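*Asks:* What follows is a single structure, and I will ask about it in a moment.
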Amino acid sequence: MTIAIGKSSKEPKGLFDSMDDWLRRDRFVFVGWSGLLLFPCAYFSLGGWFTGTTFVTSWYTHGLASSYLEGCNFLTAAVSTPANSLAHSLLLLWGPEAQGDFTRWCQLGGLWTFVALHGAFALIGFMLRQFELARSVQLRPYNAIAFSGPIAVFVSVFLIYPLGQSGWFFAPSFGVAAIFRFILFFQGFHNWTLNPFHMMGVAGVLGAALLCAIHGATVENTLFEDGDGANTFRAFNPTQSEETYSMVTANRFWSQIFGVAFSNKRWLHFFMLFVPVTGLWMSAIGVVGLALNLRAYDFVSQEIRAAEDPEFETFYTKNILLNEGIRAWMAAQDQPHENLVFPEEVLPRGNAL
């Protein structure tokens with residue numbers, strides 16, 4: 001028997017190694033180095049949103065009521081963007097605008113920048129969490145790569161778009177009805193639905209939903225009998241460790257339905273990853289274009305002909321008129337700081353008015 005005589009290998013751990021051991025320890029909820037970014041930012045972002053929707057008015061920024069305290073409900077409450085006069089100020093609590101006054105900070109819209117910036121870093125922290133966990137259990141990082149899609153959309157809509165405009169005022173406020181208002185704004189002022197990047201985004205998201213439904217149904221349809229007898233919900237109580245569904249049967253079925261079918265599971269699942277993530281990225285790229293006020297398709301020849309010929313109209317020209325109506329109504333209501341006043345005869349009227 002050989003006895004090794006020498007210095008003990010157990011040296012005292014440094015601060016970094018001790019922190020690494022604690023952060024990456026196996027526990028019910030993994031923390032990790034990414035958790036140092038994720039958990040505080042997510043906590044502050046959600047806390048700011050709950051605080052704002054419960055107590056904080058938008059009277060000073062938008063001339064609106066936006067909190068439960070003022071009578072709003074879950075669908076109409078929001079954390080509103082700062083006033084347009086504040087441009088792209090970070091609105092730090094200790095900054096020159098609020099000067100440490102918390103009430104004044106809330107009135108100025110400071111909670112919006114607080115929620116938006118902490119929310120963006122929380123999403124980035126969540127993506128890093130997926131990278132970190134994948135590395136620790138020796139998985140490839142496709143989950144984290146896929147999550148780049150939602151991050152790209154959030155950053156482009158809530159941060160890049162208002163940075164390209166005159167201020168945070170033109171970003172979406174954080175609320176359900178507020179997001180609907182923002183969608184109408186995008187349509188009226190940017191003709192967003194005719195933008196090819198929006199079309200690619202819709203194709204990606206709805207296509208992914210279709211793929212998900214088809215894939216789930218096909219796997220359920222081709223589950224192997226596992227000896228327990230027929231059970232519609234066999235997926236919930238599997239008793240076999242090996243592969244549970246037949247790719248060959250699924251391939252045969254869809255070959256007969258469409259004439260083509262996936263023959264490789266890896267290609268099938270990569271396609272299910274590729275379609276929604278690409279759609280989200282295309283939407284994000286389109287919103288960056290809108291930040292720079294790039295136009296969607298303009299079919300000027302149809303507009304000119306419609307102006308000259310009362311009998312000529314297309315769905316495009318009708319939509320252009322609808323957009324003009326949105327702008328006429330929205331500009332005065334949505335941008336009170338501009339003091340816009342339109343003559344009554346130029347405003348579209350509905351039956352209720």
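Placed from the backbone N, Cα and C atoms, the Cβ positions cover glycine too.
Keep in mind it's a predicted model, so treat the numbers as computed, not measured.
Swiss-Prot lists these features:
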{"type": "BINDING", "residues": "HIS198", "note": "chlorophyll a PD2 binding site"}
{"type": "BINDING", "residues": "HIS215, HIS269", "note": "Fe cation binding site"}
{"type": "MOD_RES", "residues": "THR2", "note": "phosphothreonine"}
{"type": "TRANSMEM", "residues": "41-61", "note": "transmembrane segment"}
{"type": "TRANSMEM", "residues": "125-141", "note": "transmembrane segment"}
{"type": "TRANSMEM", "residues": "153-166", "note": "transmembrane segment"}
{"type": "TRANSMEM", "residues": "208-228", "note": "transmembrane segment"}
{"type": "TRANSMEM", "residues": "279-295", "note": "transmembrane segment"}
*Asks:* Hey, how far is the residue listed as 'chlorophyll a PD2 binding site' from HIS269 (Fe cation binding site), Cα to Cα, in Å?
*Replies:* 24
*Asks:* Which of the three DSSP states, helix, strand or coil, fits the residue listed as 'chlorophyll a PD2 binding site'?
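*Replies:* Once the DSSP labels are grouped into three classes, the residue listed as 'chlorophyll a PD2 binding site' ends up as helix.
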*Asks:* Specify the count of other C-beta atoms within 10 Å of the C-beta of HIS215 (Fe cation binding site).
*Replies:* 16
*Asks:* Taking 10 A as the limit, how many CB atoms besides its own sit near the CB of HIS269 (Fe cation binding site)?
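*Replies:* By my count, 14.
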